[in-house]
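Marked as transmembrane segment by Swiss-Prot: 33-53, 77-98, 113-133, 178-198, 226-246, 288-308, 320-340, 347-367. Look at Swiss-Prot and you will find His83, His182 tagged as heme b b562 binding site, backed by similarity to another entry. The feature heme b b566 binding site is assigned by Swiss-Prot to His97, His196. Per Swiss-Prot, ubiquinone binding site is recorded for His201, and the stated evidence type is similarity to another entry.
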Amino acid sequence: MTNIRKTHPLIKIVNHSFIDLPTPSNISAWWNFGSLLGFCLIIQIVTGLFLAMHYTSDTMTAFSSVTHICRDVNYGWLIRYMHANGASMFFICLFLHVGRGLYYGSYTYLETWNIGVILLFAVMATAFMGYVLPWGQMSFWGATVITNLLSAIPYMGTTLVEWIWGGFSVDKATLTRFFAFHFVLPFIIAALAMIHLLFLHETGSNNPSGLISDSDKIPFHPYFSIKDLLGVLILLLIFMNLVLFTPDLLGDPDNYIPANPLNTPPHIKPEWYFLFAYAILRSIPNKLGGVVALVFSILILMLFPILHMSKQRSMMFRPLSQCFFWILVADLFTLTWIGGQPVEYPFITIGQVASILYFTIILIILPSISLLENKLLKW
């Protein structure tokens, strides 16, 4: 009798994806983030589902319904803070996952990489709409400022913004549709993640050396299933520490003030994971230019396969590229810091320098350094 694991139409798919999957034997902990992202997505969908049972998407009652969840629902405070901080953990894992892909040259798997970038956009859209739902001050003004950016699109901008708002300002119609999209997008993200995995399994995983590893592969289970489980436990430890001890560490105090269209907060800023892009947006004095730079700051990831000039796939044996990769990481930290600062000297100048450096490293320095390293190989 043959093993049901290998013959059953459904179980066979699971088997080829998570059990008998041939995996390079030398993949490091940097390869844990895919499974951690899956885990984060499950946490977000489950907690989100329970929050949706008690939340009302009406401007009059949205803020009160969140208060009700925290005060009156059994473990509502836990569900709410797990959902809010789960988004932060999601983005931490996402940034590390993308960074790993850039460092080790995983972007040469074109389909996997491009679907990954689409996934990043989808998660960012979901997080933005989720931030609007509690209907606090930062929710309202964040939604107003970010959606208003679309008015920079020539000819059709204003019409487009009013169409998204469902009126002449962010109001009940906007909140209702944002709730609807915020509810449905995670399921689309889950479907995209499956496609992402499907394309990855067509080629097999990359590994730290960037070399072909067909001659040295081991089954995913039990080796990497145990390794992933350790990653999940470490993530849970950090996550629950955040949720149970400092749940408001990454949030904005202004969001505990109910939305008031007549009172603008002194500093309007998005959640921390959007600050780098927000800093790039603000560093350009022109509105349309800022919006283009904002979109391109993420879309630039799709150019990496084209900009790859090196004869080696990974940066493991390329010290000069490594140096500039870490300068790029430091630059992203700088942009994140600047995005949370008021628009005044010296922050404006620092933001502009950091924005120029971001695009220069990616578009000019890294490809040039790669060509230099190719020359040094022959030397």
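Using the three backbone atoms N, Cα and C, a Cβ is placed for every residue, glycine included.
The Cβ of His182 (heme b b562 binding site) has 21 neighbouring Cβ atoms from other residues within 10 Å, across all protein chains displayed. His182 (heme b b562 binding site) sits 21 Å from His196 (heme b b566 binding site), taking the Cα positions as reference. A gap of 17 Å separates the Cα atoms of His201 (ubiquinone binding site) and His97 (heme b b566 binding site).
Cα separation, His97 (heme b b566 binding site) to His83 (heme b b562 binding site), rounded: 21 Å.
Here the transmembrane segment (226-246) sits against the transmembrane segment (33-53); at least 3 CB pairs are under 8 Å, leaving out pairs fewer than 6 apart in sequence.
Here the transmembrane segment (178-198) does not touch the transmembrane segment (320-340). Their Cβ atoms form fewer than 3 pairs under 8 Å, with each pair 6 or more residues apart. The stretch from 33-53, 77-98, 288-308 that makes the most Cβ contacts under 8 Å with the transmembrane segment (113-133) is 288-308. The stretches the transmembrane segment (347-367) and the transmembrane segment (288-308) meet in space: the count of Cβ pairs below 8 angstroms, excluding pairs fewer than 6 apart in sequence, reaches at least three. Listed in sequence order, Thr112, Ile115, Gly116, Leu119 are the same-chain residues six or more apart from His196 (heme b b566 binding site) with CB atoms under 8 A from its CB. Cβ-based neighbour count (10 Å, all protein chains) for His97 (heme b b566 binding site) stands at 20. Set side by side, the binding-site residues His83, His201 differ in how many other CB atoms lie within 10 angstroms of their CB, and the most is found at His83.
Distant neighbours of the transmembrane segment (33-53): 69, 79-80, 82-83, 86-87, 89-90, 93-94, 96-97, 100, 183, 186-187, 189-190, 193, 197, 228, 231-232, 235; these residues of the same chain sit at least 6 beyond its ends, with a Cβ under 8 Å from one of its Cβ atoms.
Sequence-remote contacts of a segment are chain residues at least 6 beyond its ends whose Cβ falls under 8 Å from one of its Cβ atoms, and for the transmembrane segment (320-340) they are 99, 102-103, 269-270, 272, 274-280, 282, 310, 347, 350-351, 354-355, 357-358, 361-362, 365-366, 369-370, 372-373.
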